[in-house]
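*Asks:* Before I ask anything, here is the structure I am working with.
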Amino acid sequence: MSSAAEPPPPPPPESAPSKPAASIASGGSNSSNKGGPEGVAAQAVASAASAGPADAEMEEIFDDASPGKQKEIQEPDPTYEEKMQTDRANRFEYLLKQTELFAHFIQPAAQKTPTSPLKMKPGRPRIKKDEKQNLLSVGDYRHRRTEQEEDEELLTESSKATNVCTRFEDSPSYVKWGKLRDYQVRGLNWLISLYENGINGILADEMGLGKTLQTISLLGYMKHYRNIPGPHMVLVPKSTLHNWMSEFKRWVPTLRSVCLIGDKEQRAAFVRDVLLPGEWDVCVTSYEMLIKEKSVFKKFNWRYLVIDEAHRIKNEKSKLSEIVREFKTTNRLLLTGTPLQNNLHELWSLLNFLLPDVFNSADDFDSWFDTNNCLGDQKLVERLHMVLRPFLLRRIKADVEKSLPPKKEVKIYVGLSKMQREWYTRILMKDIDILNSAGKMDKMRLLNILMQLRKCCNHPYLFDGAEPGPPYTTDMHLVTNSGKMVVLDKLLPKLKEQGSRVLIFSQMTRVLDILEDYCMWRNYEYCRLDGQTPHDERQDSINAYNEPNSTKFVFMLSTRAGGLGINLATADVVILYDSDWNPQVDLQAMDRAHRIGQTKTVRVFRFITDNTVEERIVERAEMKLRLDSIVIQQGRLVDQNLNKIGKDEMLQMIRHGATHVFASKESEITDEDIDGILERGAKKTAEMNEKLSKMGESSLRNFTMDTESSVYNFEGEDYREKQKIAFTEWIEPPKRERKANYAVDAYFREALRVSEPKAPKAPRPPKQPNVQDFQFFPPRLFELLEKEILFYRKTIGYKVPRNPELPNAAQAQKEEQLKIDEAESLNDEELEEKEKLLTQGFTNWNKRDFNQFIKANEKWGRDDIENIAREVEGKTPEEVIEYSAVFWERCNELQDIEKIMAQIERGEARIQRRISIKKALDTKIGRYKAPFHQLRISYGTNKGKNYTEEEDRFLICMLHKLGFDKENVYDELRQCIRNSPQFRFDWFLKSRTAMELQRRCNTLITLIERENMELEEKEKAEKKKRGPKPSTQKRKMDGAPDGRGRKKKLKL
């Protein structure tokens, strides 16, 4: 630290310690103060007295907190008012010294004239007498001074010169757990300079550079060097509450921090027992808690209001933005890793919160930086830089954190599975009029189509009815029916073998449900975090994943809930299962691992489904990401209308790849190994990055970005022009196919013919009986029919053609021709035998009856002849029994016997699965006398976060009671949950659909089967350990009981 800051300087006049009767904002310490906020109860009582009837409940709390104190209206805090006036004067003077540009904003704000420069009349503005004096004190030295004025100015300058700004050269002594890095010390000095000049600011360092630590260091400086311990408020996302609290205790333990979180009763107790007594310096709370307890927080004069992830207030009309603007604050600080996500108006919203007296008009700001009229103006860019320079500090990892390895992103392009293509086609066909620009293009309709297509790209099981069942099983079909899951199933074993640990992000929590089933099936230990995860469980999962030598391999997170403020630097691989519309959200997700403390190169794998809407979404996000860096790093301006996705652009996204999907119904998934997939993805990623860099160079030179052209121009085609002639284009839907029955051998015989001309069919007698193989005529009949056909060919002089496809074509032709030449006609006995044999088959069984018989065998199993007979319509049980006996005896005579047997065996496997599940449930339930109260489930390390054990117990016991194999059992189970008083207020369980209950029960059954198997193996091991039992004869000789239960007397 510099010499000027070695002894802690005395507090300046504006932050002098206040008397005990002063407001909380004083933050000073004296003989009656213990270092925390003082006068909290007195001020709260006074505020409650003036609040009115609406605050009656809060008045009671205040009365409890300060018994015996008389309610009286407290006078405005003179220290607070003095600090605000001094800061305002210092702020204007500081800004005008930075650049005269701020006179444009400051003078209109002081004069209260029309805010838009277009409405201001030319000429010298009129200034009121009292306002003129204020402006003169700000920096107008051109008028003639009196001697008294000059003396006052010299005294003021002298007093300012004695207050040297504190500047640290090394990590402050009050920072205990470690030392600040060089760039963090510079950031702390910048924050201190803002405070000294009465300026609020934005700390916009890239995610992972320690904005939390720099903020805590600033609050520590306020306490140790300015004697202002608080009260300070830190407003953070719910997911980062615990992290902020632990960071306070770790880095600056002398700061007393408290956390407001909980239900209504817990919050009331916190306000009464913790907040009002004032034994604290910093209050950390979430956005939601702030909104609920705004009436309490408004009663404080906050010294510092810090908002983490400040883009939450980018919309000045949101409820959170309006509430925080109502608070009394001396200083404000915004923290964000993404200072500009969309447009300049959002930047104005942040600046207006920081300095409302400077940036008081959005119209003025928008006119001053008119992106429509001034694009390409170099002076305008310089003007923007000058405006941002005093308020905003942004560093990126590549510039300041040399020890942090750069992250490497690879886009992995995957194909659609057969099921995905069917669902994708179905979604497009439902709105084919939109694709061909014939229907009404409603924006909500287009957004819904986009959402459905994105669900299809992730996994078809996200649609109700897509997953095969019941019963629902967790096995290979979970992987093979999604292209992304196929790649994931190849990638994870490779990463585990390399010793990596993985974060998987997805937009959809139901995708996390599928991934959870997959991890349980593959025995990957995992953690999960989404928007429904309770606060305590969130932190438990983070701690379990980050602890040394943790066995957790996968951490699955929803992008919105798990992408903010969480430190998961113990992972080195990030998998983006799907991409967000806003690329900043994906960047935040990546930086959960790519942050200070990371020692490995972070690899990011972004899954993109090829030739689908996902390609367009990622391309648009890449464009938006480049535009985001323009204002902050490169100085270019973003058109405000650019980031609004229009109907035409959405339509182009939907149309992209539609023709390709319609062209085939087969799967695009290949057996390519993971190394080949990664190599191909890296190559394609490099090509896309090169294309984007070339696309932006001309715009960078001219400080423009023709983003409309950039979005619509792709692969050399202007999609705006294509939209104009959309009516001439037509995406042809797939042809409807007529279903037909084919003989398998004839099909393959025709399909295998390549280019040779078809040989003429061998002639048959004109009156040939229609004989089907499933009618099981006697084999002798087929011999007689063959003899009759050969003789007919002989009579017409038929010559067998040579078949070039056969290996011994000449020999085969000779043998077949010899049969014809030696053929004889049927004699009278053979004709009579033929007629008799034609009556011995199952002539009354047609193809429909045969198909019903096969399906019944598949449904009930070959041994359940009673139920099979009921399934075959128009046949008596005796007829079915007779046919079944012949079928299983002579089934090998059928042409497609392999296909039929596979169908029946699949059905029998399902039956056996149902039996094994029923047996497992019977075994589990049988261990308890009162299973609805006593049953315990062995979750192991993979307990889900959504369902409680009480809910799981009820599901299993009620499923067993209703009957697992009963039809519509899950609909009945859902009704039982709704009727049960036990779950009267369990809205989560009561809102589950039948399919969601099936999936949960399937997971529980898997756990029960695993538990039963482990118990059986344990019992076998114990029996083996005890050794074989003694033989019966030996026991009887030793006096063992006989068959009647008595011991035989031994004769001596």
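Just so it is clear, glycine is given a Cβ too, placed from its N, Cα and C backbone atoms.
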*Asks:* Select, from Lys211, Lys722, Lys918, Lys929, the one residue given the annotation SUMO2 cross-link by Swiss-Prot.
*Replies:* Lys722
*Asks:* Labelled phosphoserine in Swiss-Prot - which residue from Ser171, Ser980 would that be?
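*Replies:* That would be Ser171, per the phosphoserine annotation in Swiss-Prot.
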*Asks:* Select, from Thr113, Thr338, the one residue given the annotation phosphothreonine by Swiss-Prot.
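*Replies:* Per Swiss-Prot, phosphothreonine applies to Thr113.
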*Asks:* For the record in Swiss-Prot, which of the ranges 308-311, 580-583, 668-671, 904-907 is the motif 'DEAH box' one?
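*Replies:* It is 308-311 that Swiss-Prot describes as motif 'DEAH box'.
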*Asks:* Can you tell me how the residues of the domain 'SANT 1' (840-892) break down into helix, strand and coil by DSSP?
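*Replies:* Helix, strand, coil within the domain 'SANT 1' (840-892): 37 helix, 0 strand, 16 coil.
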*Asks:* Around the C-beta of Ser171 (phosphoserine), how many further C-beta atoms are within 10 angstroms, looking at every protein chain?
*Replies:* 17
*Asks:* Counting each residue once, how many in the domain 'SANT 2' (943-1007) are helix, strand and coil under DSSP?
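*Replies:* Its residues fall into 46 helix, 0 strand, 19 coil.
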*Asks:* Mean pLDDT across the domain 'SANT 2' (943-1007), rounded to an integer, is what?
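*Replies:* Looking only at the domain 'SANT 2' (943-1007), pLDDT averages out to 85.
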*Asks:* Counting only residues 6+ away in sequence within the same chain, which have a CB under 8 Å from the CB of Ser825 (phosphoserine)?
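*Replies:* Result: Glu788, Phe791.
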